[in-house]
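Chemist: Sharing the features that TrEMBL gives for it:
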type	residues	note
DOMAIN	42-425	domain 'Major facilitator superfamily (MFS) profile'
TRANSMEM	41-59	transmembrane segment
TRANSMEM	79-100	transmembrane segment
TRANSMEM	107-125	transmembrane segment
TRANSMEM	131-154	transmembrane segment
TRANSMEM	166-186	transmembrane segment
TRANSMEM	198-218	transmembrane segment
TRANSMEM	238-257	transmembrane segment
TRANSMEM	277-296	transmembrane segment
TRANSMEM	308-327	transmembrane segment
TRANSMEM	333-358	transmembrane segment
TRANSMEM	370-390	transmembrane segment
TRANSMEM	402-423	transmembrane segment
Amino acid sequence: MTDLEKVSHVSSESEQHPITTDGVISGYEELKAVPSTARSCIVLMGCFCGLFCTQGYGYTWGIYLEYYNKHVFINEMDALSWIGSTWLAMAVILGPVYGFVVYKVGYTWLLVGAVVCNTVALMMASVSDQIWQLMLTQGVLAGFAASLVWFPCISAPQQYFTKRRGMAVGIALSGSGLGGLVMSNVVEAINSTLGVRWSLRIVGFICLAMLTFAATVVRPLHPPPPRQLSQSFDLKPFRNVQFCLLFAIQFVGNFAFNVPSGYLPSYIGYLGMDNWVAANVTIGVGGLMIVGKIGAGVLSDYIGRANMCTICTAMTGVVFFALWLPATSEGMIWAFACSFGLFGGGFMVMVPTVLVQCVGIEDVESSNGLLFFAWFFGGLFGSPICAALINIEGGHAHYSYAIIYGGTLMVFGGCLAWTVRVIRAGWNPLIKA
């Protein structure tokens, strides 16, 4: 193919990958970033495993919270909620300096650090008998380990896949859903037989094996560009209106998104249902999130990533009002759990997928760090806010307040996602964007 033909070939794909001056990926950038299929799949498998164990463990916090509140630290829900919120905040703490850190130490040493931190955290948690000790182990240290895993494992698929980027990111993120499905079952079974201490140890060994594999195979496609520490706090992406909107979606969305994962199990207990119902519902949410993440990723490659982001974000909020708020039976709980799993999984995968279109592949490392740092505030304060709303009148729990709070924020996030879509392609909803 001649140089002129190459230029023509790139131009013919401009509708799918438009060339603009505001950071959108160009056709040439896509063509130069194509690795071998085998290498791509191995890296993707490593990302899947890394997110399986760290994020999968995160999804089990609702089960640990219910167990601690009933059997270990009786009626200490407000204090215990800070452990989960600390984990969520620490899981994105690396965001603002991620570009600098990955340039200095690389993916491998980040993941090796995660192996050490996560193993120490869960083993030390298994011998803890005070809430502050669990805060340091299950909250701070395990959360920091998750941060070391999250950013490499979310960035690598964006680099290795081009035409099916949405599907690739969906597969990687489905590891968190499958991890939640498997680990929720493991944790509930071991809690009820061997006790919470052994459940933490066994989960720790599972994470040790899977994180070791991830540290062995996950590599960046190209060496990250040189970056000084001062550049890690560069606010340049905020000059891009689309990035600002995506940041806002992540900010409000994380306050809302963790309401079900943190409080759906305790809500089921509040309704008087068996503990295994809570465990099975958590497993169901994790399983449907796998379908939602992969399905949304695949569909987005056909109907447009911004379109799919809008649908998933808005519908995640709608099901709070339509299915969870009136839920008083196991059937309604399952209806909400399934719907939340599908649309919530799509929400998780579509925001980072749209990001690449908005900022360009060359800036994806630093932009990912800033984007996911938006989760810090919702992670740290979201769960305590929910606990305060639920216990606002003392002895009588008011879960409806937390449900309305979460649903409202998520619907607002859907409006922001629609704004991104309008900026990219106008008001016609039938145009791929």
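Easy rule for this one: first residue shown is 1, then count along the chain.
A Cβ is built for glycine as well, from the same backbone N, Cα and C atoms used for every other residue.
TrEMBL: automatically predicted annotations, no manual curation.
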Chemist: Express the predicted model's confidence over the domain 'Major facilitator superfamily (MFS) profile' (42-425) as a mean pLDDT, rounded to an integer.
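Modeler: Mean pLDDT, the domain 'Major facilitator superfamily (MFS) profile' (42-425): 84.
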Chemist: Can you see whether the transmembrane segment (402-423) and the transmembrane segment (238-257) are touching - at least 3 CB pairs under 8 angstroms, only pairs 6 or more apart in sequence?
Modeler: yes
Chemist: Please identify the stretch among 41-59, 79-100, 166-186 with the greatest number of Cβ pairs below 8 Å relative to the transmembrane segment (333-358).
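Modeler: Going through each listed stretch, the top one turns out to be 166-186.
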Chemist: Under a Cβ pair cut-off of under 8 Å, which of the recorded stretches 79-100, 166-186, 198-218, 238-257 contacts the transmembrane segment (277-296) most often?
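Modeler: Looking only at 79-100, 166-186, 198-218, 238-257, the most contacts with the transmembrane segment (277-296) come from 166-186.
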Chemist: Among 41-59, 107-125, 238-257, which stretch has the highest count of C-beta pairs below 8 Å with the transmembrane segment (166-186)?
Modeler: 41-59
Chemist: Mind checking which residues reach the transmembrane segment (107-125)? Cβ under 8 Å, same chain, six or more beyond either end.
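Modeler: Non-local partners: 50, 53-54, 57, 101, 133-134, 137-138, 141-142, 144-146, 148-149, 151-152, 156, 200-201, 203-204, 207-208, 211-212, 214-215, 218-220.
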Chemist: Other than its close neighbours in sequence, what residues sit by the transmembrane segment (41-59), given a CB gap under 8 Å and a spacing of at least six beyond its ends?
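Modeler: That would be 87-88, 91, 111, 114, 118, 122, 142, 145-146, 149-150, 152-154, 156-157, 160-161, 168, 171-184, 203, 206-207, 210-211, 213-214, 216-219, 261, 282, 285-286.
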Chemist: What same-chain residues lie close to the transmembrane segment (198-218): Cβ under 8 Å, and 6 or more beyond its ends?
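Modeler: Residues 42-43, 45-47, 49-50, 52-54, 57, 60, 107-108, 111-112, 114-115, 118-119, 121-123, 125-126, 138, 149, 152-153, 156, 183, 186-187, 190-191.
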Chemist: Any residues 6+ beyond the ends of the transmembrane segment (79-100) with a Cβ under 8 Å from its own?
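Modeler: Distant contacts of the transmembrane segment (79-100): 54, 58, 61-62, 65, 68-69, 73, 131, 134-135, 138-140, 142-144, 146-148, 150-151, 224, 227-229, 231-233, 254, 258, 262, 365-366, 368-384, 386-387.
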